[in-house]
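Asks: For reference, the structure I am asking about is given below.
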Amino acid sequence: MQTIAKRSLTAVLYLLGSVILWECARPVTELTILQSEPVIMAFIAVTMMLSYLRLPRWAQGAGGGLMVLYSLHYFFFQNQALFNVKWIMQVGQSIYQNFRMLLQGNLVNLSDLFSTLIFFVLLWLISLALQHWIKAGHFFLFFFLALALLSVLNTFTFYDARRAIVIVTVSGLIILGVQKLMRVQESGMKFEGEKPYSTWFLTIGVISVLALAAGLAGPKLAARWPNPASYLQKISVPGLSRTGAFFSAGQRIGYDEDDFNLGGSLGMDTTTLFTVSSSGNNDYWKVAAKDIYTGKGWKSSNDSYAPLSSPYSRFSVLNPYEGNTNTSEETATLTFTNESPSILPYSGQLTVIQAQGKMLKLDQATGQILTSDGKKVKTERISYLQPTFQIDRLRQVQNGGDPVSVREADLQLPDSLPGRVRSLARRITGSENNRYDKAMAVVNYLKSPTFSYSTDRVPRPTGNQDYVDQFLFNSKIGYCDNFSTAMVVLLRSVGVPARWVKGFNSGTYVGQTTETAGGKKVTRFDYEITNANAHSWVEVYFPGSGWVAFEPTPSFSGPDKFIGTSPGKAQPLPAASQGGSTQSSAPSQAQQTQTQPNQQLKTGTQPKPIREQQQSQSSNTAGKAADSLKKQNGAVNDWRFAGWMFAGVIAAGLLLLVLTWKKWMAAIYTRRQKGLKIRDRNSFNRAYKNLFRLLRLKGLKRSETQTLREFAERVDHRFSGNNMMRLTMHYERFVYGNQDAVPDHQKAALDGLCEAIIEKLKPAGDEVHSNKEQNR
Amino acid sequence: MNHGAEHQLIADMIDNVETVVVGKRKTIKLITVALLAGGHVLIEDIPGVGKTLLVRAIARTIGAEFKRIQFTPDLLPSDITGLSIYNQKTLQFEFRPGPLMGNIILADEINRTSPKTQSALLEGMAEGSVTVDGVSRELPDLFFVMATQNPIEYEGTYALPEAQLDRFLIKLSIGYPSRENELAILNRAAGRDPLKELHSILEVSDILRLRRHTDSVFVSDSIKNYILDIVAATREHPMIYLGVSPRGTLGLLKAVQAHAFVEQRDFAVPDDVKAVAPFVIGHRMVLKQEATYEHMTALTIVHEIIGKIKVPVMHEEPVK
């Protein structure tokens, strides 16, 4: 009867413990990419259940390990069968690679798979610790930590943990109450009264409710200091400014929905998001275009989603080109990886889009296309018109002649824009008399050596500082967002309608395949697009030609193609292949961009022979150049980062030593004691002193006014025996008596006494444990 | 230096006494300490807790001549020292020894007699001789006084002056027996007088021999310094008007030696000092008036002092 009651009480403990653990793990589903509550819930339930069922250790270990693997499969390998060696091999490979990265101090590039693995292993460990605390009856620490965690999350993140805190508080109080009840029972006390249990539980309940009510109803002081979170965000350690794509709230290079606050440093992230197999070449992949500059970043005028159905040309945002632009139709297939966000990028003028037959919707303001239900798709097939602009026609465009909708949306500037930005814009474009040359003047100005490209050491505008103003006049260092935003603002300042487009650049050229479809040979170019390819650029409106893409970011080539010449321009078009080649000449396009002197200047690399380039099979040499630039910066960061890591490891080691000093000091003294043989006064003195040090580590310290005997009595009382007193009585002869040497017949006895005392000291922890085991 | 036989003798003696005086082993030990140290004992307690029984049991165990003097207000010095009487046959004064001329004297209710008579007793205790009719007469080698007095706040008493209290090595009180011990006393009272069944297991010469051994108990310098620390503290204590005299220090040393011997050791340890100090120096201090206001007694102050003095432990020799 007693055991049944105990088992059920334990069950209550495990249940409530699981609830608390769940509430602590739950923020993960909102703050990271692990957005599946049932999997984490199942994970906690299974590990706790294994422990509750008192399965043997190996079974618990195997069960936990399998649950970790299952969770990994759920999040990353759903497209593969659960019982398949392949994905397990991938996990193993990922672990190997990421461990190597860890050893190199390369925390930033750890893959999501590895982070997830670590998360689940940690969750498992915490669950084990929780089980131990439940069994041992020490629950308060966990309770306290859980509340601390939730409070911190509530304060510093957008996670609303108030409900969780209430649940954890009530569960924790009940657990503490039940543990007390069990302790009282174990101590053999009898309950009096007719219904002892119900009285007890009623009391626990009343106390919980009272505590909660007092907490909720009590008056609360207003915060005495500003939210520290805003301050913490400003602290940015180079190389650590990003916590990886794993945390959706982190600052990273890569696609990000929120462009409201731009600025700050970025880390590198080479997680592949999708691959493209396209008949076109070197296309940028557009996700959205935004029209309102706020002084800090970009937002769109309104979110008006419309179901997307053909013909797409009736949506003005999907109809960018006008009569003077030649187009050719291309097709592309985009295959998304697990890491990609829910996006449907496209290029040029969209004619057909299919996303696994799903209903799609279009943001009419930004041109962003999403599935109606917001869910991700695996593949996307599109057909689109790739433009070729005629420079002569573009040059004919003066200011004016823009439709009202364009004038209203794409000339907006905030009133707060500093006047010197406008003056600079006039100075740059003043000598040009047409829109195209004005745009190119701005591009050339931004690509001049005055500005340098970097993803780190980029400051974030503070206070009322304008993002563009800071970049143009103060920092003069930045990445695509800085350059593209600056160009849009400069152009708008002189009345040229322009908009800010974000998406991905063409990515890394992987290879090409030629297939025969319908009797025609079609060459398809394969690209891999990673988070590092996330990009932003500029589109300028030219009446008659439509929206033309410009690339103001150094070391990047633009997507659009131009026909015509630009006589007398020292700095040629960065975005265009001047030869006016057609769209079919795929790699040559890139090679030509590569040979532009501007880029050599930027990258500092030797121009490579074309042949060699072909062998390297990289069509996106511009991206590659950018890569090498990033690598140079990265090397510095890696070293600094390694330094930080090293310091961190040492600090952690020291902390560990400090926290466990009692244990290892005891180990040292115990070892030393073994070597101390009692032979004469001095050796006895040493051995006895060493014993005292050991005892002090166990919390037994002789006060100075205590005699040796009084202390020995205390020690013997604690460890039940009389060894210490016997040893002390011998020792007294040497301290207070006149004895100098140990008689031969006593030597072994004295050493034996020392050993017996140490023996009682040493296994104190294990002994308690084994007692517990027996009790169960 | 092996004192196994002597140690055994003392243990036997204490055991023997304890068969009569139930549950007062600590008191018996303290009295033995005084006996071995050659001092005298003042037992201050209310009537009826077994003072006389204790003394008689000890005397009987030793097999020594036991004399009892009941002090009354009209007792004269000659009543205890003895007096010379003119013998008409021999035409000479003959000395008739008084009760003080014994080995073990129980001076009962010493504070009820006049100071004049008290002085006669105290002279004997201090000098080992008494002067009667101008002739100094030696007391026996074993001369051990156990005086009792009722607590001084009782009426009709003459409080002993401080200088005289100093002559007692140990002052103690017996206290009520514990419940179990009192039950044992009740059960036993139904039978015969336990004192009659007590055999003597020592002789006076044994005690004298034990005293010589006690003198040879080794007291290290660290212990001597510990004693001096304690004594010095009594002289500096803010609540003490008059600290322990050098005679007290000497007495403490002798008591420590005796205690070590009673504990079957031939060297003294700090525990010996702690065990005897309250009983040896407690009655040698004169407290200031403030102390009584704060309800401090000599004993509490001694305990307080002992609680503050560092105990000498490790050997002075450098380690390593």
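Glycine too: its Cβ is placed from the backbone N, Cα and C atoms.
Curation does not apply to TrEMBL; its annotations are automatic.
Quick caveat, the model's predicted, so the values are computed rather than measured.
Marked as compositional bias 'Low complexity' by TrEMBL: A:574-600. Per TrEMBL, the feature compositional bias 'Polar residues' maps to A:601-622. Look at TrEMBL and you will find A:472-554 tagged as domain 'Transglutaminase-like'. Per TrEMBL, region 'Disordered' is recorded for A:559-629. If you look up TrEMBL, you'll see A:31-51, A:58-77, A:113-130, A:137-155, A:161-178, A:199-218, A:641-661 marked as transmembrane segment.
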Asks: Which one of these stretches, A:31-51, A:113-130, A:137-155, A:199-218, A:641-661, has the most C-beta pairs shorter than 8 Å to the transmembrane segment (A:58-77)?
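Replies: So the stretch in question is A:31-51.
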Asks: Checking distant contacts: for the transmembrane segment (A:31-51), what same-chain residues at least six beyond its ends satisfy Cβ-Cβ under 8 A?
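Replies: Cβ under 8 Å, 6 or more out: 14, 17-18, 21-22, 25, 59-60, 63-64, 67-68, 70-71, 74-75, 112, 116, 119-120, 123-124, 127-128, 130-131, 153, 157, 159, 245-249, 339.
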Asks: Below 8 angstroms Cβ to Cβ, which residues of this chain, lying six or more residues outside the transmembrane segment (A:137-155), approach it?
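Replies: Those are 17, 20-21, 23-24, 27, 31, 129-130, 161-162, 164-165, 168-169, 172, 175-176, 179, 182-183, 227-229, in sequence order.
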Asks: Going along the chain, which residues at least six beyond the ends of the transmembrane segment (A:199-218) come within the CB cut-off of under 8 Å?
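Replies: Hits for the transmembrane segment (A:199-218): 166, 169-170, 173-174, 177-178, 181, 191, 193.
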Asks: Which whole number is the mean pLDDT over the domain 'Transglutaminase-like' (A:472-554)?
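Replies: Residues in the domain 'Transglutaminase-like' (A:472-554) carry a mean pLDDT of 85 in this prediction.
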